[in-house]
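Straight from TrEMBL, the features:
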type	residues	note
BINDING	N95, N105, H110, E115	oxalate binding site
BINDING	H108, H110, E115, H154	Mn(2+) binding site
DISULFID	C30-C46	disulfide bond
DOMAIN	60-208	domain 'Cupin type-1'
SIGNAL	1-21	signal peptide
Amino acid sequence: MEQKFTSFLLFCLITISICHADPEQLQDFCVANNPSTDTIINGFPCKPASSVVSDDFFFAGLSQEGNTNSRFGSSVTAGNVLSFPGLNTLGLAINRVDVAPGGVNPLHSHPRSSELVFVMKGNLLVGFISSANKFYSKVLGPGETFVIPKGLFHFQYNVGNSTATAITLFNSQLPGVWSAPLGLFGAKPEIPMEVLTKTFQVNSSIISVLESNFGN
């Protein structure tokens, strides 16, 4: 019985590890065919090889600085399969993050990917929180890198006097993003007030202010 249980547990662990990673590609490439459609599969259909062109493997979206005139003082330009179809099945994505002085790319997580942060200019405080509630952080300058493990909440905060820019790399074609402030206080439909007041140990008026800031 113990041997059967061990074998079953091993099978479950292997299955989970496979299901939580981008699938391996089965051909040289699989350029996404209309990735903005509502086709529901684990990935996107392949464009016919006969219609694939060089531009399918090219993306210029990160060449321009993003507009940091936002509530958080930051801008994220995503280079994932939705905007860069050539990434389909390759298990890669790349973003550009621009942060104004005092701005922040607020607490968020990527449920399907780890993240490598490479600072191109400026100074960013980059940090994440482990499942043991320990905070790890480092101030990065140009040419320096910090890695964020998969699924953990993290941020980038500009501690300098000029706009900072970072390139972030992911081991998923579509890492996903869950924003802490928007997810908690801007969810549709709303999270019950009783849940939020009990969770944060504050009264409903404070929750209402936070919800009004994030769309509810």
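Backbone N, Cα and C atoms are what each Cβ position is placed from, and that goes for glycine too.
Structural mapping of features recorded in TrEMBL.
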| residue | record | CB count, 10 Å |
| --- | --- | --- |
| C30 | disulfide bond | 21 |
| C46 | disulfide bond | 17 |
| N95 | oxalate binding site | 23 |
| N105 | oxalate binding site | 25 |
| H108 | Mn(2+) binding site | 18 |
| H110 | oxalate binding site | 25 |
| E115 | oxalate binding site | 23 |
| H154 | Mn(2+) binding site | 22 |
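Secondary structure of the domain 'Cupin type-1' (60-208) per DSSP (helix as H, G, I; strand as E, B; remaining residues coil): 22 helix, 56 strand, 71 coil. Rounded to a whole value, the Cα-Cα separation of N95 (oxalate binding site) and C30 (disulfide bond) is 21 Å. Listed recorded positions near N105 (oxalate binding site): H154 (candidates C30, C46, H154; Cα-Cα distance within 10 Å). Taking every pair among N95, N105, H110, E115, the residues recorded as binding oxalate, the greatest CA to CA distance is 14 Å.
When the Cα atoms are compared, C46 (disulfide bond) and H108 (Mn(2+) binding site) turn out to be 31 Å apart.
Excluding the listed site residues N95, N105, H110, E115, the same chain places V76, V97, H108, V117, I148, H154, T168, F170, P175, V177 with Cβ atoms within 8 Å of the centre of the oxalate site Cβ atoms. When the Cα atoms are compared, E115 (oxalate binding site) and C30 (disulfide bond) turn out to be 23 Å apart.
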